[in-house]
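These notes are about the structure you will find just below.
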Amino acid sequence: MPTPDATTPQAKGFRRAVSELDAKQAEAIMVRGQGAPGPSLTGSPWPGTAAPAASYTPTPRSPRFIGRRQSLIEDARKEREAAVAAAAAAVPSEPGDPLEAVAFEEKEGKAVLNLLFSPRATKPSALSRAVKVFETFEAKIHHLETRPAQRPRAGGPHLEYFVRLEVRRGDLAALLSGVRQVSEDVRSPAGPKVPWFPRKVSELDKCHHLVTKFDPDLDLDHPGFSDQVYRQRRKLIAEIAFQYRHGDPIPRVEYTAEEIATWKEVYTTLKGLYATHACGEHLEAFALLERFSGYREDNIPQLEDVSRFLKERTGFQLRPVAGLLSARDFLASLAFRVFQCTQYIRHASSPMHSPEPDCCHELLGHVPMLADRTFAQFSQDIGLASLGASDEEIEKLSTLYWFTVEFGLCKQNGEVKAYGAGLLSSYGELLHCLSEEPEIRAFDPEAAAVQPYQDQTYQSVYFVSESFSDAKDKLRSYASRIQRPFSVKFDPYTLAIDVLDSPQAVRRSLEGVQDELDTLAHALSAIG
């Protein structure tokens, strides 16, 4: 069997473990030397203090025994070296072994993984042997359970083990090799590696990947491409978003007279259409925003003020962003009831259209709808469905978002109304969507998720929902079919994502549900 390179992370890990074992066992095994003094007969407080000669009788001393201590250390060293050597030999011989894909999560040099394995019929005490392997590599066990075997072999055990553990990334290959030596059918229930996603709201600081497709510095067709003053202004406002961290108040922007004039033209033009084209939820929230959050034609509302308004209404908060975010990062923010919102405004030469999201689009289109409880939940559900989803599913969810949150229609009082932010912030498309020209289809998440769309001109197809509640129910049904090795739940108290990947995690979540049910039952009892 080839000897592993002494410089590999696995070999270094073994040497460290052996060194620690030497120290621990040296303390645990008390060995008395040949010339050590015997017990004192005079009651001297100091071991080894000589008693008077007349009363002292030397006692025979046992010969020093070091064989067992040396044997333990030598056995441990050989065992670890053998495991490293076995891992070094096994990895190249298994080219199809998905060692790198088995990690569920990686952070600070540690890999967290889920494993399933079955005991070998020829080796008793398979679980204790596997646990010994985990101890060898100083793995931290998060969860361990036995399960009925999903694919028992003829004459083999009908039991398998599931373990979730954390181990140094450099020791992963050797640990897996060690588990294979004492058990069989070692595999990961999670399958392919799950993409990283934020677990805490503060981790949204990492969700800042921008799409530069419509950046005025790069897009030749952008209205502001040839305007150096506008481009410099955009960079100045974008820096606010780049410096922002969760928990900070959103810095205020002093808008120029030209920017306010652009806002005024958009504001007054669209407001004239809302009464006949916008849904009731938008109209109700818009009136409240005018009353409490500085919405008026001669003032561009500040994000901090609007964020406080939304927080009180539906729990949603705003967060400044420098431009168009990647779909994965943007949808992940919605899972925490956080909406990434731009602060810059479109170019003055094109007030009725912007190739990218700007504050007119966000404040006039998105914010009023996020003030509605049912719609806010619908938006968060899309975000929750995106966490840990594959790239293919992210593309479908972002398309679904496009045809609902951005360009969705709904039925109200026998009429079709607009609720999508892309419609409510675009005068031309708001007229177009309710004309006879486009095709109107009943909302079906499966169809909407794969429907081709336009981002350069008006849509040729729109989807109409019976109600927001109906759309929410259909979305949840669609999301339940997304393949993930876990489910997720938002904790509104800690603003964190609970990953439901074990019976214990589900049980903890149910305890909170039971508390809420008890409160509601008590309320009904008091009312009755």
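Note: Cβ is positioned from N, Cα and C throughout, glycine not excepted.
Quick caveat, the model's predicted, so the values are computed rather than measured.
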What residue among Ser62, Ser188 has an entry for phosphoserine in Swiss-Prot?
Ser62
Which residue from Ser71, Ser125, Ser390, Ser509 is recorded in Swiss-Prot as phosphoserine?
Ser71
Since Swiss-Prot lists His361, His366 for Fe cation, which candidate among Glu312, Glu406, Glu415 does it give for that site as well?
Glu406
Looking at Ser19, Ser379, Ser425, Ser465, which one is marked phosphoserine in Swiss-Prot?
Ser19
In three-state DSSP terms, the structure that Glu406 (Fe cation binding site) belongs to
helix
Within 10 angstroms of the C-beta of His366 (Fe cation binding site), what count of other C-beta atoms is obtained when all protein chains are considered?
24
Roughly how many Å lie between the Cα atoms of Glu406 (Fe cation binding site) and Asp455 (site 'Important for substrate specificity'), rounded to a whole value?
11
Looking at the recorded positions Glu406, Asp455, which sits with the largest number of other Cβ atoms within 10 Å of its Cβ?
Glu406
So of all those recorded positions, His361, His366, Ser502, which one's Cα sits nearest to Asp455 (site 'Important for substrate specificity')?
His361
Distance [Cα-Cα, Å, rounded] between His366 (Fe cation binding site) and Ser502 (phosphoserine)
36
What's the CA-CA gap between Ser502 (phosphoserine) and His361 (Fe cation binding site) in angstrom, rounded?
41
